[in-house]
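Below is one structure; the comments refer to it alone.
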């Protein structure tokens, strides 16, 4: 570091014992594949199907070994920024919301308030932009009220050094106080602030569109006749820091609802992020951009300073093209019953990625260099790929016709980031509306070479992949306390909807021109980083292999065959050892992360359920889209109202950890497998009893029974759903469809 104490330190983490365990499991997998291949000529089609699936499992294990192989962590030292305060760049903070029904405005308000209260030497360098793709006057009203409350909340947080600055979380517990008159004054201030927040929450929760439009006056006139999918750009400056008085300073707050038209593709969240990028460019043009989802509040008030340690702390900025904080969740249900808190994968895979080319861009909790989003190559390639500053025409072809946007992009690309005179943000509203138009991107590079990349529902992974393929690296920001916290979806429908959306987008990337394989061959994506991307992008591809393997057990029991060695065969030791070693390995990972055996089981169970449902439907969806038979549809995951810190679990539920169902097609495959394995076990058990009585031997062995029994245990929520009622029971439409498929499968297996 030039001229001062170090701001960050890269620490390699040892894992020798885990490496040995990795190789033991890999050798067992290879031994299983080799033994099966050697005896393939003596067996039938089930043996061949098992060989193909097991070879795929070995490949997936190699991918995971690579991802975990060389973990590192980054220690940050924000106190050492004291001598570089003048160097701290401005930050534009983006919050995205899409549906006021699925993402209640109070959630967005808490996230915004936590960002407005961040610790930063000069809050005039911070600006918060909220993108509302729902074009909801209720959301705009909620943010206007939040801006008024922020005048009280932000000074309170700074004055009392509040640790958690999302009000709903802060007021969910009693204040921590000591003794003395100062504490008494604090308690009075705390009680007053809590009362003000509760009034704010009631106003927002009780707000309705009709009342707002009737009583709001000219402020909400732009929402009249505005339809969610058909309206002009709406930009409102809810707070301009330049007009603040001493003691009430907090960052700018701007509301944005980009133009929508049925005649134009809006490109989901990626389109919203690109409009945010352009609007912020003509209004504040900060060189650093932070984006968070509406339900992911800033849990560490110094998160921006920690990020600056990584953005400024390397001798070469190529190592921090973007800084990603891992997704962590508050108030999670005990033992993670829906397997979506991702604690182990975040620690094991996330730390491993940090040791290669960097953590994936996760779509939230990420600090981007604006110039990286603009497609500027890393420093070691600039001299080879760029000759001087780009011309006005070149910038116009890439960024569009806005003169203000062209000038701001020139400043970013050239590195001319000196402090500029403060401007009245209201004077920039018309410019912002211009760059928010539907037609603005036509003929430009937005969504391709510049901005968030279009072409996938997981625009975050795709955009991060483009950045890594350009040669940039990323840094992992894993602070204590966690930088950001969000709410994980609960219930079966919400969890599987989220997994299906992710898997669909990931497979779209894998088979597109943006594939990491092509990025390694033709660009600057490292081979190990390519393999790391394949860990997640192969999720939906795993579905058909895992489905095939799950069907082998019931097929063999119904047809009186075998696809595994019998217990008396020497080869039986290999799959038995592999089964035990694999599950013990993962159990120990969970224990090392401080999680329970039940959490391990819940996550293992949910991976089996997700593979046979969400990943499978994602695989079929992308195949149909590729064939031109359907289009992918973006589905917003429901967020529970964050008025308390219980993680969104409703108080009216007897057990929020129980699986819930609806009639969505995603539940059909797992219901089929549950019913089929139960039928197969019953038929095979009857046949075994009758065969033993008649002295007949042969057929399936203990391995097939264990496989089917294990699947029934993994799918136990669905087994329970078959005999339950209400939302905890599988709907009859799903049961009937699943029953017909099971009957057809059994008929095919037993007709000979």
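Each residue, glycine too, has its Cβ placed from N, Cα and C.
Whatever TrEMBL says is automated annotation, not expert-curated.
Annotated features in TrEMBL:
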- 12-34: transmembrane segment (TRANSMEM)
- 46-63: transmembrane segment (TRANSMEM)
- 103, 133: UDP-alpha-D-glucose binding site (BINDING)
- 133: active site (ACT_SITE)
- 269, 293: Mn(2+) binding site (BINDING)
- 460: active site (ACT_SITE)
- 609-628: transmembrane segment (TRANSMEM)
- 666-689: transmembrane segment (TRANSMEM)
- 701-718: transmembrane segment (TRANSMEM)
- 730-749: transmembrane segment (TRANSMEM)
Can you tell me which parts of the same chain pack against the transmembrane segment (46-63), counting only residues 6+ beyond its ends and a CB-CB cutoff under 8 A?
22, 25-26, 29-30, 32-33, 36-37, 39-40, 531-532, 534-535, 538, 542, 545-546, 548-549, 552, 555-556, 561-564
What's the number of neighbouring CB atoms sitting within 10 A of the CB on residue 293 (Mn(2+) binding site)?
26
Which stretch, 12-34, 609-628, 730-749, tops the Cβ pairs under 8 Å count with the transmembrane segment (701-718)?
609-628
Inter-residue C-alpha distance, residue 133 (UDP-alpha-D-glucose binding site) and residue 269 (Mn(2+) binding site) (nearest angstrom):
9
Spatial neighbours of residue 460 (active site) among the binding-site residues 103, 269, 293 [C-alpha, 10 Å]:
269
Restricting to the same chain and to residues at least six past its boundaries, which positions have a Cβ under 8 Å from a Cβ of the transmembrane segment (609-628)?
339, 496-497, 499-504, 506-508, 511, 539-544, 546-547, 550, 665-667, 669-670, 673, 714-715, 717-718
Inter-residue Cα distance where the pair is residue 103 (UDP-alpha-D-glucose binding site) and residue 269 (Mn(2+) binding site), in Å:
14
Can you tell me the CA-to-CA distance separating residue 103 (UDP-alpha-D-glucose binding site) and residue 293 (Mn(2+) binding site), as a whole number of Å?
10
Let me check the 10 A CB neighbour count of residue 269 (Mn(2+) binding site). How many other CB atoms are there?
22
